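Novice: Submitted below is the structure of interest, expressed as structure tokens.
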Amino acid sequence: MNHFLDLHKTDPAALRGIIDHARAMKDARVGRTRGAADDEQPLAGRMVALIFEKPSTRTRVSFDVGVRQMGGQTMVLSGNDMQLGHGETIADTARVLSRYVDLIMIRTFDESVLIEMAEYADVPVINGLTDRTHPCQIMADVMTYEEHRGPIAGKKVVWCGDGNNVCASFLHASAQFGFEMVFTGPVQLEPEPEFVGLARKAGRKVIIERDARKAVEGADLIVTDTWVSMHDSQSSRERRHNMLRPYQVNAELMSHAKPDALFMHCLPAHRGEEATSEVMDGSNSVVFDEAENRLHAQKAVMRWCLGV
Ligand code: CP
Ligand code: NVA
């Protein structure tokens with residue numbers, strides 16, 4: 001049994017195996033309707049709990065559909081409706097759920113909830129996003145990059161804007177998949193030193209560059225995300241917008257990157273804020289391929305967790 005908590009906690013060979021498996025499973029579904037079953041049914045007889053303490057479109061739907069395609073069943077639970085949100089401990093919740101389900105995916109606020117859930121559950125636990133990281137997203141992103149451009153190792157990935165949870169998992173991925181990272185954004189919103197240090201310790205080049213145009217020079221991939229994440233206070237909105245405006249990904253900024261540089265965004269996007277529609281819908285954008293690949297990547301993650 002394997003938990004999937006963060007990319008730096010998972011062996012690089014296992015991560016590579018998951019991506020290759022996801023690709024093969026995606027290829028095997030070509031021409032099928034979305035609800036059609038896979039030929040293989042590795043989750044037959046398995047029940048998966050999907051717990052959400054924050055909103056979600058992609059994570060919720062892609063996990064649910066993925067489990068069903070593999071023959072399993074799902075239960076989508078909102079944190080608020082559970083006793084978890086009303087005083088029951090995480091440890092007790094984990095022990096109880098382990099008596100009913102075979103796998104737990106949780107999206108929560110503080111990462112300590114995820115860690116405690118994994119500590120006390122007898123079944124695998126998957127990180128569906130916390131305030132600090134979002135590993136499933138970056139598995140889909142690496143898969144998407146490689147589908148379009150081949151191996152990501154050695155490439156230059158530029159993160160524009162807020163050094164948030166998605167950025168953190170990109171830094172973990174830089175360590176594990178061997179690419180270079182540049183962060184461009186305001187000093188107040190830099191990624192945590194722990195994440196930068198981890199990538200550097202693995203021998204990766206990580207550059208912090210205040211000037212967005214300089215940062216994207218020679219970029220193979222440009223990535224951004226919302227300026228106000230779900231865990232950020234709404235009162236910080238105006239301050240964040242003011243700080244982040246120079247880091248908007250627009251056609252002018254893209255023109256300083258390599259001509260074939262890809263553009264990614266985990267979505268949901270706030271068009272006209274962190275990225276313009278011209279870029280989101282432009283020929284270098286792969287944002288909807290990323291969204292689709294959440295499905296395939298997570299199916300492979302679940303199979304790895306369960307060893308099936
Ligand atoms: N990218 C992502 O995780 O989207 P949702 O918040 O819709 O799940
Ligand atoms: N950084 C965003 C990602 C959403 C998928 C958030 O945490 O709200």
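Note: Cβ is positioned from N, Cα and C throughout, glycine not excepted.
In case it's useful when we look at the structure, here is the feature table from TrEMBL:
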- SER56, THR57, ARG58, THR59, GLN83, ARG107, HIS134, PRO135, CYS136, GLN137, CYS266, LEU267, ARG294: carbamoyl phosphate binding site (BINDING)
- ASN165, ASP225, SER229, MET230: L-ornithine binding site (BINDING)
- 3-147: domain 'Aspartate/ornithine carbamoyltransferase carbamoyl-P binding' (DOMAIN)
- 154-304: domain 'Aspartate/ornithine carbamoyltransferase Asp/Orn-binding' (DOMAIN)
Novice: Return the single residue from the binding-site residues list (CYS136, MET230, CYS266) that has the minimum number of other CB atoms within 10 Å.
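Specialist: So among CYS136, MET230, CYS266, the binding-site residues given, the one with the fewest Cβ atoms within 10 Å is MET230.
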Novice: Looking at the binding-site residues ARG58, GLN83, CYS266, ARG294, which has the shortest Cα distance to ASN165 (L-ornithine binding site)?
Specialist: CYS266
Novice: Rounded to a whole number, how many Å is the Cα of CYS266 (carbamoyl phosphate binding site) away from the Cα of MET230 (L-ornithine binding site)?
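Specialist: About 14 Å separate the Cα atoms of these two residues.
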Novice: Have a look around ARG294 (carbamoyl phosphate binding site) and count the other CB atoms within 10 A of its CB, chains all included.
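Specialist: Cβ-Cβ neighbours of ARG294 (carbamoyl phosphate binding site) within 10 Å number 26.
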Novice: Just checking: which of the binding-site residues SER56, GLN83, CYS136, CYS266, ARG294 have a C-beta under 6 Å from ligand 2?
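Specialist: Listed by sequence, the hits are CYS266.
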Novice: Select one residue from SER56, GLN83, ASN165: among these binding-site residues, choose the one with the most other Cβ atoms within 10 Å of its Cβ.
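Specialist: Per the Cβ count, the most surrounded site is ASN165.
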Novice: From the binding-site residues listed here (CYS136, ASN165, SER229), select those whose CB sits under 6 A from an atom of ligand 1.
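Specialist: None, as no Cβ falls under 6 Å.
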Novice: Calculate the distance in Å between the alpha carbons (Cα) of ASP225 (L-ornithine binding site) and ARG294 (carbamoyl phosphate binding site), and round it to a whole number.
Specialist: 16
Novice: Whole-number answer please: how many Å between the C-alpha atoms of MET230 (L-ornithine binding site) and ARG294 (carbamoyl phosphate binding site)?
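Specialist: With the alpha carbons as reference points, the distance is 19 Å.
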Novice: State the count of C-beta atoms found within 10 angstroms of the C-beta of HIS134 (carbamoyl phosphate binding site), not counting that atom itself.
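Specialist: Around HIS134 (carbamoyl phosphate binding site), other Cβ atoms within 10 Å: 27.
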Novice: What does the DSSP secondary structure composition of the domain 'Aspartate/ornithine carbamoyltransferase carbamoyl-P binding' (3-147) look like, as residue counts for helix, strand and coil?
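Specialist: For that range the per-state counts are 73 helix, 21 strand, 51 coil.
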Novice: Name them in sequence order: residues not among ASN165, ASP225, SER229, MET230 whose Cβ is within 8 Å of the mean position of the Cβ atoms defining the L-ornithine site.
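Specialist: Sorted by sequence, the hits are LEU129, ASP131, HIS134, ASP162, ASN164, VAL166, THR226, HIS231, ASP232.
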Novice: Which secondary structure state does DSSP assign to ASN165 (L-ornithine binding site), in the simple three-class scheme?
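Specialist: For ASN165 (L-ornithine binding site) - judged by DSSP and reduced to three states - the answer is helix.
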Novice: Tell me which residues of the chain lie with their Cβ under 8 angstroms from that of SER229 (L-ornithine binding site), as long as they are six or more apart in sequence?
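Specialist: Expected: ASP131, ASP162, ASN164, ASN165.
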